[in-house]
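First comes the structure, then the notes that go with it.
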Amino acid sequence: MELYVSMKGTSDVDLEKEEEKNKFQRLKCCVQNYDWGRVGEESLVARLYSLNSGLEIDSAKPYAELWMGTHESGPSFLEGSESSSLKSWVSRDPSVLGEKVVKEWGTDLPFLFKVLSVAKALSIQAHPDKELAKNLHKLNPSIYKDDNHKPEMALAITDFEALCGFVSLQELKHVIHSVPEIVELVGHAYADQVLNASEQDGVEKLKAVLKSIFSQLMLASEDAVHETVIRMTSRLVKENKVRELTDKEQLVLELDKQYPVDVGVISAFFLNYVKLRPGEALCLGANEPHAYIRGECIECMATSDNVVRAGLTPKLRDVPTLCSMLTYRQGLPEILQGAPLNPYVKRYSPPFDEFEVDSCILSEATSTVFPAVPGPSLFLVTSGEGIMEMDPAIKNRVSEGVVTFVPANAEISVTSYCRTAAIQGRCE
């Protein structure tokens, strides 16, 4: 049995058992059919959504994201009462969130829990910090639908690939030397700034140099970008006949097939190419550039859907905003391995306040306990079946696709019938 849990919160609440029975809630969740999703039965999102909703899988449709939470763009509803959303139910009885969560974030779940099935690259994007999110939402609420920031963590279920953060100065210099088309596009003056830069110049100067050349690239004219990508990809195809291309060069050719002559194809050279193994996680703070490439993952984030895009997408692009908002930090991102809590459970604790994630894999006929935490949790079963219980009087038979809301201060035990995987997301 495989189980994932997302969580957060604080402060004990003395709940009567009859009240608790009503607060152990199974949820019906929302699916997003973005065109980059895996199609039909190939998608884990499709299989989980079908089991969660009772609906058949459309073999011709992409299934990209399963949303679990209260965000208005994809709200969850109480099972058996599909007219009652999780958000409205929590608002009526915020004690289920715990005292600290209510004090810090109000009467709403502070995190959004997702499963992603990625068949082709997502956009080159970043998520705004709180101040920028408020400004963007105020100026354009139809595009930026909320005023919250969106720090997030991606936990690989399968092998998972992403572009994330800017490459080191040393690697960027190698890019300038080895990809002449970039120099032709941005001009020798911007390229020379990179080649003449040194670690001794200081962090802020290096950020300014990187911002200058990256902005020049991303804001180049559409015609110039088209010509540059065609020349670059043509050269790489020819060179592939006489030498083995690097992983990044092979990725660039793949991205061009997915998003022909797009500026995101070139910008991939500026970003770290990260490959996660199952069980490894990647943290993405505000204002950090990234793009998921392929694979399936659990994703947890602050409750927001704010995305600033600049490439590899048919959706609206806001290139000036993206170029101005980025941190321009360089170097490889930290990869979280998860801290073992017992033989079955690993905890992933990102440097964000809103959530943590537990991953649990139980072999047949085994049990584990999730201690009471002072905030709410969402439990997702990704395979297998078993029993979840608060106490002997409050049991919930669970299987693949079941999503359960658990209130603050509730200890949960899980017993598997067969090998089971589950995820807990929580606020603590």
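Cβ atoms are placed via backbone N, Cα and C, with glycine included.
TrEMBL lists 25-166 with the feature domain 'Phosphomannose isomerase type I catalytic'.
Annotated Zn(2+) binding site per TrEMBL: GLN125, HIS127, GLU152, HIS290, in sequence order.
Taken from TrEMBL, the feature domain 'Phosphomannose isomerase type I helical insertion' applies to 185-271. Across the domain 'Phosphomannose isomerase type I helical insertion' (185-271), DSSP classifies residues as 67 helix, 1 strand, 19 coil.
Cβ neighbour count for ARG309 (active site) (all protein chains, 10 Å cutoff from its Cβ): 22. Per TrEMBL, the feature active site maps to ARG309.
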ARG309 (active site) and HIS290 (Zn(2+) binding site), Cα-Cα, nearest whole angstrom: 10
Integer Å distance between the CA atoms belonging to GLU152 (Zn(2+) binding site) and ARG309 (active site): 16
Zn(2+) site, defined by GLN125, HIS127, GLU152, HIS290: further same-chain residues with Cβ within 8 Å of the Cβ centre: ALA126, LYS150, LEU284, GLU288, PRO289, VAL307
Listed binding-site residues (HIS127, HIS290), ranked by Cβ neighbours within 10 Å, top entry: HIS127
